[in-house]
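Peer 1: Below are the features I grabbed from Swiss-Prot:
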{"type": "ACT_SITE", "residues": "E352", "note": "active site, proton donor"}
{"type": "ACT_SITE", "residues": "H383", "note": "active site"}
{"type": "ACT_SITE", "residues": "K511", "note": "active site"}
Amino acid sequence: MSSLTQLPQWQALQTHLEENRSVQMRDLFDQDSQRFSRFSLQQGELLFDYSKNRITAETMARLLDLARAQDVEGWRDRMFAGEAINETEGRAVLHVALRNRSGRPIRVAGEDVMPAINQVLQQMRQFSEAVRSGAWKGQSGQAITDVVNIGIGGSDLGPVMVCEALKPYHQPGLSVHFVSNVDGTHMAETLKGLNAETTLFIVASKTFTTQETLTNAHTARDWLVAQLGEAAVRKHFVALSTNAEAVSAFGIDTDNMFAFWNWVGGRYSLWSAIGLPIAIAVGFEGFMALHDGAYAMDEHFRTAPLASNMPVIKALIGIWNHNFLGAESFAVLPYDQYLHRLAAYLQQADMESNGKYVTRDGARVDYTTGPVLFGEPGTNGQHSFYQLIHQSTRLVPADFIAAAHTHNPVGDHHAKLLSNFFAQTEALMTGKTAAQVRQELEAAGLHGAALEALVPHKVFDGNRPTNSILVRQFTPYTLGQLIALYEHTIHVQGMVWGINPYDQWGVELGKQLAKKILPELTTPGEVHSHDGSTNGLINHYKAWLAE
């Protein structure tokens with residue numbers, strides 16, 4: 001048995017759950033006219049409403065006791081202090097330093113990292129402004145019209161999500177594209193229609209050895225060189241890396257290499273040089289506004305008492321829903337089309353961080369950790385998987401996200417969008433009783449056996465937990481707040497679960513086996529070095545390829 005489930009604070013929550021299993025949220029609202037104000041928090045122009053959860057004041061008090069028992073404040077402070085809280089890799093966790101706007105020193109092993117951060121930011125400012133203004137010329141003397149970011153994982157998902165979310169702030173005439181998949185289709189389709197003379201490639205790989213990224217980078221290089229010659233590489237490629245030797249060997253001028261550090265995890269790296277495509281797309285001031293929003297949430301997280309600390313409260317609500325109410329998944333549902341890549345970004349941020357079954361001291365857990373995260377923009381999801389959220393046997397907590405102001409005030413579109421945003425959380429909470437269904441069916445002219453046969457199908461149990469996040473408008477600043485809110489939520493949950501959210505050993509085994517299999521695919525003859533299924537699949541592939 002792990003120590004977490006033996007804690008008196010954990011067992012007190014278990015007892016509290018048993019005593020309150022029959023609690024209905026609609027009754028809690030009826031009993032407390034101030035429930036919304038009691039269970040909501042605002043930070044700047046971001047409102048977080050968690051009142052539509054199966055919680056009472058006692059639930060929150062007991063969850064906060066658990067957070068204190070797991071030293072959530074201490075782990076938070078150690079992270080901000082630059083201590084090596086990523087123990088398995090012996091590294092500090094300092095994405096917060098990248099957006100530190102206070103000017104105060106942040107140290108790793110006694111060294112203030114802020115001068116190096118500011119130096120790279122200045123380099124990014126100069127380069128992004130040169131590209132945006134047209135001062136940066138390609139080999140033929142033309143300005144850049146298309147930027148292609150080549151990366152994968154954290155070198156792709158964050159920049160893609162932010163660039164899509166901030167499309168209203170993009171510079172006209174300058175397009176940003178992203179290639180991540182080693183499937184040649186991704187690169188081939190991206191290059192279609194691009195003009196080599198006006199295309200800039202950003203190769204994002206800390207080690208400059210990532211298989212997928214370097215495969216795509218060499219394909220892009222071949223495409224460019226075939227049209228413009230070898231000398232063009234220096235004008236049309238830049239690198240986000242720390243491996244100057246490999247960058248230079250590729251043909252990239254190391255003056256155009258943007259560094260970052262091993263205390264920046266990939267899934268937290270959009271704030272670093274990895275964010276260069278963001279700075280080019282929305283301008284460096286927009287990139288800094290993104291940092292400003294994140295910094296505001298950082299300071300709130302760092303200084304607010306636990307009971308009014310938005311990331312802490314959000315994390316504890318998740319602990320309650322997953323570890324005590326039994327939810328295994330979690331939906332992120334942005335009612336904003338610009339946020340259509342948010343769920344994909346958060347899948348990596350959350351599932352790669354907290355998808356662990358071993359604690360920091362190497363013991364197997366006997367409780368659930370990170371949930372399966374999924375999502376789609378509203379209202380698309382309503383016509384897809386919301387049926388399961390409303391009426392299935394599974395409990396699926398959800399975050400609903402929306403902005404009061406739209407960037408595209410077309411007719412009454414936004415009012416209709418937001419009416420669905422508000423309606424869905426109400427429906428999930430209140431449900432619909434059999435008596436209400438009968439009344440509706442009778443009003444529609446249905447009676448007797450036909451009515452009774454339909455009633456069970458139209459009943460909604462309700463009592464489904466949701467959070468609502470409402471911002472005034474999605475800007476670089478408020479997007480920065482939102483991202484940092486999720487980052488710190490993930491951190492707190494990892495600390496409560498006693499796991500390390502900052503390593504990702506689970507991605508290594510498949511990569512190791514792929515390296516072994518790759519030469520087998522081109523070696524003549526059948527393969528017999530794996531299990532029966534894998535051998536059969538490889539040999540079938542080779543037979544079809546040989547036809």
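Each residue, glycine too, has its Cβ placed from N, Cα and C.
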Peer 1: Report, in whole Å, the straight Cα-to-Cα distance of E352 (active site, proton donor) from H383 (active site).
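Peer 2: About 29 Å separates the two Cα atoms.
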Peer 1: Can you check what DSSP calls K511 (active site), collapsed to helix, strand or coil?
Peer 2: helix
Peer 1: Using a 10 Å cut-off, grab the number of neighbouring Cβ atoms around the Cβ of H383 (active site), all chains included.
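Peer 2: Excluding its own Cβ, the number within 10 Å is 10.
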Peer 1: To the nearest whole angstrom, state the Cα distance for the pair K511 (active site) and E352 (active site, proton donor).
Peer 2: 15
